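Worksheet: the structure to be examined is printed underneath.
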Amino acid sequence: MVFPGEKLHSQGAKIAFPREKSHSQGKKLHSQGAKIAFPREKLHSQGQKSHSQGKNCIPKGKNLIAKGKNHIAKGKIALPWAKLALPRAKMALPRAKTALPRAKMSFPREKSHFQGQKSHSQPRPRSEMETEAEPCPGSSAAAPSVRPGFKEELLCPICYEPFREAVTLPCGHNFCKGCISRSWEQQRRACPLCKESSSLEDLRVNHTLKNLVELILKEEGQRQSGGAARCPLHGEEHKFFCMEEKELACFACQSSKQHEGHKMRTVQEAAADFRAKLANMESSLRDKAKDFGTVRRSYESISRHNEVESERLERQVKWEFEKLHKFLWDEEQALLAQIREETGQKQDLIHGKMGQLAEASQALLNEAAHLQADLKQDDVTFLMTHKNRKRRIACTAEEPEAVPLGMLLDVAKYLGSLQYNVWKKMLDTITAVPFCLDPNSAAGWLSVSEDLSSVSICNYRTSVENPERFTSAPCILGSRGFSEGFHTWEVDLGGLTSWRVGVSRPYKNSHWSFHHDSRTGFWYIYHLHSKDECRASNALRSEAAQGNVRRIRVELDCTEGELSFYDADLQRHIYTFHEKFGGAVFPYFYVGNSQGSAEAKTLRICPLRVRVLEDVPT
């Protein structure tokens, strides 16, 4: 609320903001004195003259005391019009903004004019603003500070931060534009303070308040940066750094109780030490950033690989289903051809029978017509032809043949268990294996067949890096893991002279090492070049069998913890591991070079012999 006062304005008071309480607090305001500050500023260029002229304001204050009492009395009337005075206060803010930078916030503060004669008889005490603006000992001019109460007026009531793009509601309250907009998204559009209804169209940007906040924040930053080199408690320059408290200290702080027994280092030493650590940290972060870049490139490589692999897989799946479709199509056409053939045969037979019956029927009708004509002859003629007539009638005495069996189409032959019969035929064309090879685990030296049932060694090919892939040896895993039950499979070594066949635990950083044995979760038998025996991967490298083997049967009993190997051709036991595998294990294979042979040898998973067991339900 702004009180009219032409004399105050003419005497240099830029802004007069008396703050009154409600009418019920009027007497208390009168007794204690309304804390109204009438700053008299002069231009900064007038310097000390502003302070000396302040004394001249004291006599004038007596006149203002009387006017102040009148203003208090009028407070009851002026209070309802406070909202109407807000626009005038907003108009006065630009003047305050102009006065603040000129005076450098060096405002002499007088006590309330309601203190009357006391302020006239006693020297005017320095206000809080003047005390804060006074330079520290041994320093040049310090940047002025802003009163906390004034700072609070620059905070948004919603976020309690300095206004950002301040807007004013019709009720006069100010908020950040973003804060009030987000607040209205969750509740009705009203002022959060006074609950007066409003809308987005009513928001008006308060440029004056926005500029004032920016100015105060800028000067606060300058004040803090200017005073950062000095102790806030003693005003001395920082010379030490406390290693326990991790804060700067001056000579006085060093000997204070707060830092008693603390390790102190000079600012230069501490800064050099922390700079060195920071440099190491920077180097470490750069190295880590390189590692992140490497992993990111791995992801990019995997992404490209997946795109190519997806297209290849789609083609492969379509081709496999095309083979199935072709088989089903061929079966369908063959079955339809059988139906047509049987239909044609039976229809021809039926049509032939129908023709014969039609001829016989016509002959009988013709004979009946002759007999009808004979009945009209005279007696002598009738008797003369009776002998021939009797022989002619005897030829037509045969009965027609009944419809024989099997003239209908055999529906059950074609529809009975149609899908099952076709499926059994399909088994003869399908190759089933107990598991397929996992190409994602195959080392770069290995080439896996399209049906994933065989693998051979080849020249090293760069492949996408992934954790499951072997990198130190030409190894590959099966795609299926076994953790319980009994399982068996056979492996055709295809003339390989360097191989491994067994099982392995799933990937746990062990595939990167070349040392694959029972201690690292690999159980297998193997054969090497120029050796005439097979050995086991236990710690003793026990001899398992003499000579090389062409076909191996593997039997895994997860319940009993047994892994057995047999020569499938000779039906001879080779070796058995007795281990607690501790979880799922996967089939494991190593494919080595075949010396003395230009043709690559192939290791193949033998297909299953599939038999259908038919039985009645029990």
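All residue numbers here begin at 1 and follow the chain in the order shown.
Cβ coordinates are placed from backbone N, Cα and C, and glycine is handled just like the others.
Here's what TrEMBL has on this protein:
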type	residues	note
COMPBIAS	45-55	compositional bias 'Polar residues'
COMPBIAS	114-124	compositional bias 'Polar residues'
DOMAIN	156-195	domain 'RING-type'
DOMAIN	226-267	domain 'B box-type'
DOMAIN	415-608	domain 'B30.2/SPRY'
REGION	1-62	region 'Disordered'
REGION	106-145	region 'Disordered'
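Secondary structure of the domain 'B box-type' (226-267) per DSSP (helix as H, G, I; strand as E, B; remaining residues coil): 10 helix, 11 strand, 21 coil. Mean pLDDT for the domain 'RING-type' (156-195) in this predicted model: 87. Applying DSSP to the domain 'RING-type' (156-195) sorts its residues as follows: 10 helix, 8 strand, 22 coil.
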